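Peer 1: Here you go, one structure.
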């Protein structure tokens, strides 16, 4: 487990005070740098030792066959796996003839710092070689947010006590060996030498390697160039082979003298451009980097982040761990999306190979809601990527004998890659999640151009899918059969409430969008009768309810399923230890499902229903998913269980920083990082937007004395400063200087010329705090020794 002792709690940085080789893979994920196009895991500069080497380009993947013991019609035949591309991070240091390696000699001091304001990873090390030569190494690494194709490293070596001869080998390396993986289905498949050499060249102070994948036929280029500063004589040479380019720097240093190397990196890939064009793209990016210079890249990085934090920062007084974690989460969300530019946002971002680098519903359901309020330009690009896969989704629906478009459950390029139908294709709700993301973007930003450009087509085709999936019974009630909701322990069911409510919302949203754009809708074949059918299905959707218990059923009949014996089954995650034949017919819930419906479709439930539903389902949720704690935090806060909500918020925020789910080594959990923001802003800030108006209803737990968050809404920048007694709204920018929001259920008009302070509404719980399954209580702020072993 990652501890506070090694990673102290600090508001604007993640600092590792000592190097623990047993936690190397986890720290590589925490210290990953990315801009949404390039991703560099936080591997040590010298390349070894490593937990999981990793350099990624968004959507650069290889195809592999999906094995089936017994295949069936409509099963995907091929999977897609992100490729560990050419590694440009490596700078191998030799002191005299001895390699700098933290496993040998003496590491006198070692520290790494991820600076959330500067956007850099800095490493400081004092090392004494086995021959008693001491050097100080300081490296600073960045992946540029301002320049999409550029990364850079400043590497400084200082002699401390004796004259030393120093050699640095700066490399580009392709087809690195990958460590063996476990049988955990969340771990990536291993690709054996996925890159085929196309071209290699050496320049005066750098080199360039070009490769292509064998099956997906994607081509990539990686280039490097160097600036070298050193007193006295220096020798610089470069050589290149198909899988290796190396620039070697040799010099002598007296005590106090320094060798400074700035390594510029450029990456690009394409499925369409020619080899010369891709070569020239990488070369041009290197020239751009050298023109900017190291200081110019640093300044541009900080300026980009200053602008982001001005509209996105969250301040948490009284809970320093959550303070650090929410900023860490926002930083990585920005890194995953800032320059993705019409590529997917994978569930691990570009921090590791977990889930093969696939994007799921996590993107539209958990990540994009946060970015819509903090970095809307990135959301527009992510939605354009999803829309670019619409034809593939239509082809998939046709293959399955359905109308409209069926977006895939997991993918890189847009084709379905899930080999398990019950927790893949049957999770049809992803189509409504995507539709909701388009509608939220329109509502929050006030920008209709994205809907006009591509969103309308997505809304129409997903609505057509729902109409062909569902049916009216003889009583006129509309049903969805054979569906799986967010809870993957209750699969292929009738009338999952979450799915039915989301589908109904999708249908109504599509009909409303067609009214806003009648000519475009007509051109897509939409008729008045079709829109009426959408609305009729939405109005008639079955929402199962148990009158005897006074709770909604997660799906038809759920409250009559067999109760799960939590006392007898205590090894988690259950999907690694229990057969699905036991899980599916029982009242055991992997993650928030009905409870998530109450968050995303809040208006569909009364306060009393929410309170009773939370009480019932809390006792059955085991959180074998990192997507659950944030939702439970939001809904526990809404029904008045503020201290329990704070524990869930703490767990959601610390999943990666404390490696609570034991799989941070495979990459960070983007949705849970987003969940830290959602738990605080949606839970204790009371933010809702499902009725088309910005609704805020703050209420803080005892452990938080002040919650101050910033967000964007229709051109305005709004700061919400909540305390236990009152909340102050400060409006900046925006059209007209006035904005009407809903505060605690009442309309409130804010003006940009003066802040508005108003009392908060006290939340009194209708029921006592619910219990959880034995051993599945949230990781508590007050009992940090509790550790869960859960799954995504």
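Note that Cβ sites are derived from N, Cα and C of the backbone, with glycine treated the same way.
In case it helps, Swiss-Prot gives these features for our protein:
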- 488: active site, proton donor (ACT_SITE)
- 361, 362, 590, 591: substrate binding site (BINDING)
- 766-776: compositional bias 'Pro residues' (COMPBIAS)
- 753-792: region 'Disordered' (REGION)
Peer 1: Given a Cβ distance threshold of under 8 angstroms, which distant residues of the chain, six or more beyond its ends, lie next to the compositional bias 'Pro residues' (766-776)?
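Peer 2: Here the qualifying positions are 566-567, 570, 572, 588, 607-608, 611-612, 614-615, 618-623, 639-641, 643-644, 788.
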Peer 1: Distance check, please: Cα of residue 488 (active site, proton donor) against Cα of residue 361 (substrate binding site), rounded to an integer number of angstrom.
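Peer 2: Counting only the Cα atoms, the answer is 13 Å.
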Peer 1: Counting only residues 6+ away in sequence within the same chain, which have a CB under 8 Å from the CB of residue 591 (substrate binding site)?
Peer 2: 486, 487, 488, 621, 623, 624, 625, 627, 628, 631
Peer 1: Find, among the recorded positions listed as 362, 488, the one whose Cβ has the highest number of other Cβ atoms within 10 Å in the structure shown.
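Peer 2: Neighbour-count leader: 362.
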Peer 1: For residue 590 (substrate binding site), what is the secondary structure by DSSP, using just helix, strand and coil?
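Peer 2: For residue 590 (substrate binding site) - judged by DSSP and reduced to three states - the answer is coil.
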Peer 1: In sequence order, what residues of the same chain, 6+ apart, have a Cβ less than 8 Å from the Cβ of residue 590 (substrate binding site)?
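Peer 2: Correct list: 487, 488, 489, 574, 575, 621, 622, 623, 624, 625, 628.
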Peer 1: Let me know the largest Cα to Cα distance in Å among the substrate-binding residues 361, 362, 590, 591, as an integer.
Peer 2: 16
Peer 1: Run through the compositional bias 'Pro residues' (766-776) and tell me, per DSSP, how many residues are helix, strand and coil.
Peer 2: 0 helix, 0 strand, 11 coil
Peer 1: For residue 361 (substrate binding site), write down the residues of its own chain that are at least 6 apart in sequence and whose Cβ falls under 8 Å from its Cβ; none is a fine answer.
Peer 2: 409, 427, 429, 430, 433, 434
Peer 1: Using DSSP reduced to three states, classify residue 361 (substrate binding site) as helix, strand or coil.
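Peer 2: The residue in question, residue 361 (substrate binding site), is coil (DSSP, three-state).
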